[in-house]
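Taken from Swiss-Prot, the feature chlorophyll b 1 binding site covers Tyr61. Look at Swiss-Prot and you will find Trp83, Ser89, Glu102, Arg221 tagged as chlorophyll a 1 binding site. Marked as chlorophyll a 2 binding site by Swiss-Prot on the basis of similarity to another entry: His105. Residues annotated as chlorophyll b 2 binding site in Swiss-Prot, with similarity to another entry given as evidence: Arg107, Val156, Leu185. Here Swiss-Prot flags Gln140, Leu150, Glu216 as chlorophyll a 3 binding site. The annotation chlorophyll b 3 binding site is assigned in Swiss-Prot to Ser160, Glu176 on the grounds of similarity to another entry. Summarising the annotation, Swiss-Prot assigns chlorophyll b 4 binding site to Arg179 and lists similarity to another entry as the type of evidence. The chlorophyll a 5 binding site annotation in Swiss-Prot covers Lys215, Gln233. Per Swiss-Prot, chlorophyll a 4 binding site is recorded for Asn219. Per Swiss-Prot, the feature chlorophyll a 6 binding site maps to His248, Ala257; the stated evidence is similarity to another entry. Annotated chlorophyll b 5 binding site per Swiss-Prot: Phe264, in sequence order, evidence recorded as similarity to another entry. The transit peptide annotation in Swiss-Prot covers 1-40 and is backed by a curator's inference. Per Swiss-Prot, transmembrane segment is recorded for 108-125, 155-175, 222-238, and the stated evidence type is sequence analysis.
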Amino acid sequence: MYIPRLSVSICLHPLLIYKIAKPSKLNPISSTLIVTAGFTMLKHAAKSKVSSSTCDRRVKYLGPFSGEWPSYLTGEFPGDYGWDTAGLSAYPETFAKNRELEVIHSRCAMSAALGCIFPELLSVMGQGFGEAVWFKAGAQIFSEGGLDYLGNPSLVHAQSILAIWTTKVILMGAVEGYRIARGPLGEVTDPLYPGSFDSLGLAEDTEAFAELKVKELKNGRLAMFSMFGFFVQAIVSRKDRLENLADHLGWTVNNNALSNVTNFVPGN
């Protein structure tokens, strides 16, 4: 809603009513409504004695049991729910670094989670491209035949892990270098959101863009937990994600995280 935003604006700018009403010719009814609303908001702000940062309606991470907000968490950035028990965001430089790491890792985790699940779904539907299990597909680089991208030897036939790492460092280094350096001409204003990629026009509206930032971070945090779960499943069960899910749904008591971890023997 736009009402809270209007309240904050008038609280921060007491002369706003005068500046708006002075150039225009308002009828007595409109003038009375504007002045009355303005003084009502100013009176409420003076009575509550709160700053503009507390005029928002942020959701707390534990609801009414969350306690007080840390003074340095003002709600300026997406995904801020007032949770920082370790004080990791107390210093602005550390907070900026951790925030950048979280956003970048979130995007990588979302892409990785999709890359782990999608080939398995295609394989189940009979549209597989070679090895569908993500950790087995990557391990093919160490086999005698090497690794075929998309299961097609006529595309990219990789046989050297060093060549793959070198290619990734060059490609990702160029992209990250452009982002961190804010472009060759300084055209990038925010390294976390460099822009120039919005073919669907999703970020044209300011409020919609702010909401998408929150959704990106929420889904990114879930994706990071998902990838951690994928790593543990691969080490413990040596099965793909869909097979693990089918085993769990088929016999939940015998196939769950606790039973797999307790029966896990490293090296076997």
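Cβ atoms are placed via backbone N, Cα and C, with glycine included.
On the structure: features taken from Swiss-Prot.
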| residue | record | Cβ within 10 Å |
| --- | --- | --- |
| Ser89 | chlorophyll a 1 binding site | 18 |
| Arg107 | chlorophyll b 2 binding site | 16 |
| Leu150 | chlorophyll a 3 binding site | 11 |
| Ser160 | chlorophyll b 3 binding site | 12 |
| Leu185 | chlorophyll b 2 binding site | 6 |
| Lys215 | chlorophyll a 5 binding site | 11 |
| Glu216 | chlorophyll a 3 binding site | 17 |
| Asn219 | chlorophyll a 4 binding site | 16 |
| Arg221 | chlorophyll a 1 binding site | 16 |
| Gln233 | chlorophyll a 5 binding site | 19 |
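Recorded residues Leu185 (chlorophyll b 2 binding site) and the residue listed as 'chlorophyll b 4 binding site' have their alpha carbons 12 Å apart, per Cα-Cα distance. Packing around Ala257 (chlorophyll a 6 binding site) is summarised by its Cβ count: 12 other Cβ atoms lie within 10 angstroms of its Cβ, all protein chains included. Spatially, by CA atoms, the binding-site residues His105, Glu176, Glu216, Gln233, Ala257 include one closest to Ser89 (chlorophyll a 1 binding site), and that is His105. If you look at the transmembrane segment (108-125), the same-chain residues 6 or more away from its ends with a CB under 8 A from one of its CBs are 132-134, 137, 219-220, 223-224, 226-227, 230, 240-242.
Here Ala257 (chlorophyll a 6 binding site) is positioned 37 angstrom away from Val156 (chlorophyll b 2 binding site), judged by their C-alpha atoms. DSSP assigns His248 (chlorophyll a 6 binding site) to a helix. For Gln233 (chlorophyll a 5 binding site), the spatially nearest entry among the binding-site residues Glu102, His105, Arg179 is His105, judged by CA separation. Its Cβ placed at the centre, Glu102 (chlorophyll a 1 binding site) has 16 other Cβ atoms within 10 Å.
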